[in-house]
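K.L.:
First the structure, which I've put down as structure tokens, then a few questions once you've had a look.
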């Protein structure tokens, strides 16, 4: 023990080596970065040990050890935030709770309501049972208060029933569960009782109420409201689609570009005011203050949206560096800003918008450093168009890796769309909006200003409809492939293509071989997570057959939300749709798929359709797989549950039995006529695991190794039935459901089957897990 104490005493006698801000920022970012990939958060006890170790290491004089200590402390800080939000999720989802809440979402008339749902409000939970809730926690709730007009800023004492967010997780689909945690809104529910505590609306709500009548009558009211206040509730689906397809949707979210323009507007105002100052008062600080203050006001008007907060943090750091006359490179400012943002909110690491904005800044810095313009082109108005083209080209090429990772495709016309729309929105629309907001209390000129804003947006959007068909789907590629553009720039600038031509040639060949490699997998099926409904994709050699197409609603369908993104992710071409029966949760996405893939075949047992028949006796071979229809005996006018098309798919060794919503009566009739071909390796459990299906006799005849069911976690019918689960488990079948696992994929090899769930195996992350407690049927 004495030697150990002497050892530490000797070490601490050495002089401490200073840690640069660059290394400290890097340690913070790298420390929080593992939150993206952890399967589960370390236990609280383990984190306590890490805290002790980190503080001990922090007092070592060696610089490397102290950087590791700083990274560990950042990791602990991020995990603490993760534990805090998971603890609150469990606490608020166990039972009804009384809490003090504040309405956070803006209340507007003429809001575009989707799916005929009740209006929902975003609330911040301030206090519950005397305990202040920190860090901030938000929930989305339905509220049926009629006697009071709800508005942002009001405080209520409520009794509410909340439940954790539970996203549908599939390849290619939007990860709404990760997004919910990144914005600290992991709970949904309803208000049961409410008592008004403070009825005053926020100043921002009053300001929006004052201006919304002026904006509402304009043609592009939705875009103007989004640019003015960060509220996108008036944006209709067609406008959203146009912005997404042309690659300019980023312009409608108040983020770095808009905050920078607001700061520039304030800086210009400060410079004008300085004309009236005595000469001794004129300096660079006053315009910086007015610019920063204007950016803060714009951030407040945007509701302190998360992208706006990140931009303001970066701007604040830059202003501080200017005030303190500290010199740094642009990449250092970007690095310090990223570390500051993650210290402010470690869960920002889960946000796509954080990575898009951070990568955009680093991409521009990288591009301007490695592919600079000549000195003559960088000055004067003559070449401003070329500078804009150079910047947009760099943004497109350098952001290509992230775009491929997030969206599995590129818009080849986005360069043209951004070259046209970005200058108009940035230098005309946003400054005019600034003037409109600044002059909102003037009695004259308001309508004219907002009409000008509307006209500039009309000009910006006018040519974009011709560019909507330039989207090129690429599917999913590994990260190393998507970074080829960055590597290409470095290789070109350093002339490695001349000095290392053989090495580069071999690298290209290896990468091509990797991309063109063949799998040992013979075929694959995926039961997609579509909530209450069914959608199964069988694929082999780039071709696919879809069995049922999930639900649809007024503004969309599961085909658009889940099936097509899955096909795009795996670069599959669907050749046929098989419809089990005529219920909306099984046929809802058919029209969208037919529109998306005009030549696709339809197979069903519907009497009044000229589809390929799906009746007993039909069998065919597709990609070496044998398809055999076991039920129903004939086409019928009304195709209900017991007329579901039952198909057995066989590769000679393993088989898959798809049953739709077959119920008890249908099962008994099928057992009466089918003596041989009911046995299957994998069974799609009939009727979502309802107690009206899966009789003991049917299970004994099929004897599946795996029983899979497609259900929603929050099913109003409490599916699957606990009794049905027990029947399959007693028969020795391995049970799984899309509610518990998300997408379930089975890879069929020559000698085995590999079955994986999205939550547990495919993308096992702590933020993908089942939050809250499980019910009896779960």
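Cβ atoms here come from the backbone N, Cα and C positions, even for glycine.
Annotation comment: TrEMBL describes 532-713 as domain 'Metallo-beta-lactamase'. Look at TrEMBL and you will find 16-39, 67-86, 247-270, 282-301, 335-368, 388-407, 419-442, 448-468, 475-494, 500-517 tagged as transmembrane segment.
Describe the structural context of these features.
P.N.:
On the 0 to 100 pLDDT scale, the domain 'Metallo-beta-lactamase' (532-713) averages 93 in this prediction.
For the transmembrane segment (16-39), the residues of the chain that approach it from at least six positions outside its boundaries are 61-63, 66-68, 70-75, 77-79, 82, 332, 335-336, 338-339, 342-343, 346-347, 349-350, 764-766, judged by C-beta separation under 8 angstroms.
The list of residues near the transmembrane segment (67-86) in space but at least 6 beyond its ends in sequence, with Cβ under 8 angstroms from a Cβ of it, reads 19, 23-24, 27-32, 34-35, 41-42, 44, 47, 50-51, 53-58, 60, 135, 137, 181, 184, 186, 342-343, 345-347, 349, 766-767, 771.
Taking Cβ pairs closer than 8 Å, the transmembrane segment (247-270) reaches residues 223, 226-227, 230, 232, 235, 240, 286-295, 297-299, 302, 305, 307-308, 310-312, 314-315, 353, 356-357, 360-361, 411, 413-414, 417-418, 421-422, 425-427, 430-431, 434, 464 in its own chain, all 6 or more past its ends.
Counting only same-chain residues 6+ beyond the ends of the transmembrane segment (335-368), those with a CB under 8 A from a CB of the stretch are 21-22, 24-26, 28-29, 32-33, 35-36, 74, 77-78, 81-82, 85, 178-179, 181-184, 250, 253, 255-256, 306-307, 309-311, 313-314, 317-318, 328, 391, 394-395, 397-399, 401-402, 406, 486, 489, 767.
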